[in-house]
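Shown next, in structure tokens, is the structure this report addresses.
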Amino acid sequence: MVMGSFLMKLLSAPTNSLHNDYGIHLDLSYITKRIIVCSCPVSSYPKLAYRNSINDLINYLQIEHRNHWSIWNLKLESPNDYSLNSRELQDKIFHFPWPDHQPSSFKLLLNCLHSIDQFLKKDYENVVVIHCKMGKGRSGLVVCAYLMLYLNFTKNEACELFTSKRMKPGFGNGVSIISQLEYLSYCELYSKCRSYKPQKIAYIETIKIFHVENSYTPLLLNFDGYSSNDELVRYFELDSKSYIVSQTPEYSMYKINLLIEDQDIRLTIKPVERTGVTLNAVYTWFNLHWYLYKSICHSQQNTMMVRLNWNRMDGFKGTSFKGKQCFEVIELKIRLIDI
């Protein structure tokens, strides 16, 4: 138990934990009086030695908030950390899962926020408990988006509040993954029009990769997205030795003619050594509808250019660790097709 307590304190060191008079230790933070964030609770060993106990969490919530609480589980991985169908949690769990270190689809994000708002409106005493794995990136995206769209926070105000309430000083920002921050920027756009009705899908005609200092690096490119039921799917894999139509010291151009019917698109880039070994991957997400909305292109135009520079890329597990820079800019020429 001593080792378990030590591990739990070590893992929760970056975050603000709950201090209470009940002798219950929980990695849990109140962002507002009615919005709570915690790391993922579990029900069995060995994780019980260093994670929140689901029983302790339920006991605390019952003491503090009686039956006026529900849990929003954003975790896709390790679905058996605790039973979503246990008697104690009956009608208490809302499950909106998506992969770690990624943004959700924008549609899923809106649905999640709507369910939170409906629950909070049912009773003034109701509180929501939101968790992913660590109660940071995915949880922070949902909380900040809710603050922005339902409580009129700006993006900066929402991120600053989440960081101040969830993170200890010196341990960085609560939401730090570039792609997740990009989706909060989309929430800013949504707050202006209050409508999300995509009218176009993407037909990616060409990819142009601008080299670093005129130095060509072999790359492996993957295009992924979310299916209609929000599962992550692979659409295309490009070896930079294939599909090439033009190459100069400055850039390489590839013709791929790829149709992607979803709005949320992830591009992953992996440098390839001469031995054929792939190195650390970098990736970024963009939403076609909002990229089109904020660009100089408008719906009556048939093509658009998406420029993704190296600085916009997320590194290993969403961190800034990207390895050696392998390109300057990637430019996608997209033909827009009516849905």
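In case you wondered, yes, glycine gets a Cβ from its N, Cα and C as well.
Going by TrEMBL, these are the annotated features:
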- 17-194: domain 'Phosphatase tensin-type' (DOMAIN)
- 107-166: domain 'Tyrosine specific protein phosphatases' (DOMAIN)
### Message
Could you give me three numbers for the domain 'Tyrosine specific protein phosphatases' (107-166), the DSSP helix, strand and coil residue counts?
### Response
42 helix, 5 strand, 13 coil
### Query
Per-residue pLDDT averaged over the domain 'Phosphatase tensin-type' (17-194) comes to what?
94
